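A quick write-up on the structure given underneath.
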Amino acid sequence: MPLVVLKTSRPMWARLAALVFTCVAFSIAAHGGAINNSMYDWCIFCWAFSFAGTLLVLLVEVMGLQARAPLSWKNFPITFACYATLLCLSASIIFPLYFVKGQVASDEARDLRIVSTVFSCLATIAYFIEVSLTRAQPGEVAGYMATVPGLLKVCETFVACIIFVFISNPVSYDSHSALKWCMAVYCICFVISAAIVIMCVGECTGFLPFPFARFLSAYALLSVIMYLTATIIWPIFKFDSRHSGSSRRPTICENRYDLCWWDKLVAVAVLTALNFLIYLADLVYSARLVFVTV
């Protein structure tokens, strides 16, 4: 029977704070009344998923079951904390944008939504503090996901998921073969980055028939080149009038409180450039990792 080990630390206090904040956020949002909207469902998922995962991490660490976990405990907690940071951050932006700003609701419902937003922001800060406390320090031996390249992999996959949401609703990549190439870039890089995260958390990198560090460096270089092409191609074929694009926001979008189709095209362009910069930083750190370890 496992013994309960009550060893407090700063990361544990950050997890406890995040646990409380996410619980309050989705509880108050649900108390304010369910909204038939996919963005509302997404925000509830972000808070509930973060709460459940944090509770799992706390239970495993309090009961001292890290050695029995079928995952790499050097990589899993910080990987989850990084994803939870991004999930709560997205909910902190989406929830007030869609359900507070410009919404006609009772004073009580509006107040509850504002409180949910506040606690979502607090949860984001708590998870960010946890990541800052548990990431690898210079000269420290740690799991790959605790290093800067590992955390960047999490950001790469998350940004790609947001791109998929905007690019598929409505579908905006099937009008030209160049745009289909952009979609292929997003998919290929997402799949490989996600596979790297899964292999690190599952401790499967030793099964690769080639050095993992050199693979990371080569993949980062390829991703930078591919995302550079997408960063250039997407704005040309979506905002240049010579390619049936529009550089001005349509008047139909002016009276909307949420994102219209043109706003989503801009979001895809911005997120593509952001992911290019993330992959570029990943390339720099991965190259340093190769030269340090070889």
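A Cβ is built for glycine as well, from the same backbone N, Cα and C atoms used for every other residue.
Look at TrEMBL and you will find 6-139, 144-291 tagged as domain 'MARVEL'. Per TrEMBL, the feature transmembrane segment maps to 12-30, 42-64, 76-100, 112-129, 141-166, 178-198, 218-239, 260-281.
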DSSP says what for the domain 'MARVEL' (6-139): how many helix, strand, coil residues?
102 helix, 0 strand, 32 coil
The answer for the transmembrane segment (141-166), taking Cβ pairs under 8 Å and residues 6+ beyond its ends, is 72, 74-76, 78-79, 82-83, 86-87, 90, 131, 134-135, 186, 189-190, 193-194, 196-197, 200-201, 205, 216, 220, 223, 259, 264-265, 267-268, 271-272, 274-275, 278-279, 281-282, 285-286, 289
I'd like to know if the transmembrane segment (112-129) touches the transmembrane segment (42-64) in this structure, counting it as a touch only when three or more C-beta pairs sit under 8 Å and are separated by 6 or more positions.
yes
Same chain, outside the transmembrane segment (260-281) by at least 6, Cβ under 8 Å from its Cβ: which residues?
148, 152, 155-156, 159-160, 162-163, 166-167, 169-170, 172, 182, 186, 189, 220, 223-224, 227-228, 230-231, 234-235, 238-239, 246, 249-250, 252-253
List the helix, strand and coil residue totals of the domain 'MARVEL' (144-291) as derived from DSSP.
117 helix, 1 strand, 30 coil
Mean of pLDDT values spanning the domain 'MARVEL' (6-139)
87
